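What follows is one structure encoded as structure tokens, with my remarks underneath.
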Amino acid sequence: MVNRRALLLSGITLVAVAACERGSTTAVTTESSSPGHTDPLEALKAGNARFAGGQMTHPHQSPNRRAELTRDQDPMAIVFSCIDSRVPPEIVFDQGLGDLFVVRTGAQDYDALIEGSIEYGAVMDHTPLMVVLGHQRCGAVTAAVKSLEQHNPAPAHLADVVEALKPAYLRAKQARQNSLDDLIEGTIRSQIQLTVNALRADPPLASNTERNELRIVGAYYTLDTGVVSWLEQ
């Protein structure tokens, strides 16, 4: 004779397993939701608001998400930012695995190799949004401005960084900044805008923007608050 207690325990176990399976399915659905369902710029703004407010959700970082991305990816945006350790795009925008293409150089210095990397994301992978992200108290810009102001050549390949930032420095200088700090701040913002302009002028990227397949915007991260502000386009 079958023990009634055993049957009862068996039934409870089946219910628990079914509940776990339903919970697992829900988790997979959440992780699998495509960023394409929402406007990428609005998604980044919302993510930064969570980060700045200390309400991060850390999306798309589960084993399910990792497994989902083993054969393909579909990032919602490219972020071209500085190498500064205080401004990691995935964290600043509260995003996860597979959400962003990220390209980083000192003060967003831009050359042919970087251009090719960005074109891969925008043209080959059809990513709809490109963000140039500068930030407060950029070390690379600070070093470059001091080098140019003091006529003190930078060593080795840092001289290439200084040279690349010279147009932004001259643009800020023409605005008659009142102090060294103002000049550095002006150079940071000028570098963002000049980089946006250069990207928009790149023929493959320009073709995508003309077809409304790509939007290129500038943004500025404030270290003091964690807030990303979006530059007037």
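The backbone N, Cα and C atoms fix where each Cβ goes, glycine too.
Listed in TrEMBL:
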type: BINDING; residues: C82, D84, H135, C138; note: Zn(2+) binding site
type: SIGNAL; residues: 1-18; note: signal peptide
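A map of TrEMBL features onto the structure.
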{"residue": "C82", "record": "Zn(2+) binding site", "Cβ within 10 Å": "24"}
{"residue": "D84", "record": "Zn(2+) binding site", "Cβ within 10 Å": "19"}
{"residue": "H135", "record": "Zn(2+) binding site", "Cβ within 10 Å": "23"}
{"residue": "C138", "record": "Zn(2+) binding site", "Cβ within 10 Å": "27"}
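In the three-state DSSP reading, C82 (Zn(2+) binding site) counts as coil. Secondary structure at C138 (Zn(2+) binding site), as computed by DSSP, is coil.
Other than the site residues C82, D84, H135, C138, same-chain residues with C-beta atoms no more than 8 angstroms from the centre of those residues' C-beta atoms, the Zn(2+) site, are S81, I83, R86, V87, A107, G134, Q136, R137, G139, A140, V141, I188, Y221.
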